[in-house]
Amino acid sequence: MASNGFAMLSILVLALFASSIRSEETETKEFVLTLDHSNFTDTINKHDFIVVEFYAPWCGHCKSLAPEYEKAAAELSSQSPPIFLAKIDASEESNKGIANEYKIQGFPTIKILRKGGKSIQDYNGPREAAGIVTYVKKQSGPASAEIKSADGAAEVIGEKSVVAVGVFPKLSGEEFDSFMAVAEKLRADYDFAHTLDAKLLPRGDSSVAGPVVRLFKPFDELFVDSKDFNGEALEKFVKESSIPLVTVFDKDPSNHPYVSKFFDSPATKVMMFVNTGETAESLKSKFREVATSSKGQDLAFLVGDAESSQGALQYFGLEESQVPLIIIQTSDSKKYLKANVVVDQIESWMKDFKDGKVAAHKKSQPIPAENNEPVKVVVAESLDDMVFNSGKNVLIEFYAPWCGHCQKLAPILDEVALAFQNDPSVIVAKLDATANDIPSDTFDVKGFPTIYFRSADGKVVVYEGSRTKEDFISFIEKNKPASHGEESSTSTTIRSGEHKTEESAAKDEL
């Protein structure tokens, strides 16, 4: 404690010395606006453009962001006109209504609010001061920059950028308006520019008068044109053309933005993970051939080195011993696996997948050899037998091993299970949602713990009551069918934001 006290004394002395040569206003000034339920709406309404951080005091990432956010706010406040950054404690009970309105599910979440809050955009930029300043300044300007010279084109497009450039005979009309609307909608994630003269652009037909959209990129064919100005089609063109034919997942930071776009894509994702070695290049080459022949089939391809992709392997429940492998995830979250793949199998296995001949892969822990504890262990492979086809009334907890709230709940669920030990129609169970696939069409698990009850007659109800033994018992008794076959009444419940906050808190502190 003595050393901590000395450190605090040193800081105090330095602060007092600084105050003798600087005004108190400069010493204590904070440039980030502090908002709460009492001033949030009024403040937002006053600004045509404002950036708001939704944070929680206990959040480690929020603490790391705070000094960078403050530095950025100080610099942006000196712009003409000034740009304001703000923050609100979204974990504070009195502010939770605002957090729910903006669908805050984790911390920190940063939103860009325009036109008095009428337009809301996610902040997807850097988390250090200089990067925040650059990103926010760009977002506060026009959605699309006009190119008026070759030097201007070189500055906007660059050699490593993905930029959608509209070429128009005049800066008005239906096509121009459609382009600008898409630019405004996608400005958080993509760069846009427009010009009256295609001769200023570094690549492509320089004689074209437009209207045409030319998307420049530092990979594959380097640019691609489209003349479809339908809003939905133009948006799809920009998104799909901004992803490489085969996205590379490795330690190179220049590849990371493309990885993010890959996983955000709604397309079916085809991923190959390989170890470095003699066969890696031949595997990648054949994989690229398959990707090329699959254009237009709503498939997105990625290749990653196993060393950099441990998180992805863990997410899919895969082992390094299965590398090289191909894992496919469809838009409905079904997965298909080819482990220990060799070059000659890639094309034929992909054909079998497209023809519907490959069985779905299920991420699952092993079915336990013994399951004698009061709360029964369910895994993905036993979910059908123990829950859906058991003919029992099952209260099932979806949990994460690192979740503190789940750990506190464990002994309570043990007591609930013991209370029903003489009722063979009731099972209390748990499933590790981080290690097993869950049917998302039945169970909506977005945070931990999430608890559902599936009655013997097939009704599925989410539990939103208090986490006491008595409340759980009452809930089960109310929702299980009556012994003489009459259906018990159930009510539809709406999930609160509590679980999401708990999940975010636990993840943040990992």
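Backbone N, Cα and C define each Cβ position, glycine as well.
Unlike curated records, TrEMBL annotations are generated automatically.
Pulled from TrEMBL:
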COMPBIAS  496-510  compositional bias 'Basic and acidic residues'
DISULFID  Cys59-Cys62  disulfide bond
DISULFID  Cys403-Cys406  disulfide bond
DOMAIN    12-141  domain 'Thioredoxin'
DOMAIN    356-481  domain 'Thioredoxin'
REGION    480-510  region 'Disordered'
SIGNAL    1-23  signal peptide
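The DSSP breakdown of the domain 'Thioredoxin' (12-141), given as helix, strand and coil counts, is 61 helix, 26 strand, 43 coil. Cβ contacts within 10 Å of Cys59 (disulfide bond), excluding its own Cβ and spanning all protein chains shown: 20. Cα of Cys403 (disulfide bond) to Cα of Cys62 (disulfide bond): a span of 19 Å. Taking all protein chains in view, 22 other C-beta atoms sit within 10 angstroms of the C-beta of Cys62 (disulfide bond). When averaged over the domain 'Thioredoxin' (12-141), pLDDT in the model lands at 87.
The 10 Å shell around the Cβ of Cys403 (disulfide bond) contains 21 further Cβ atoms across the protein chains shown.
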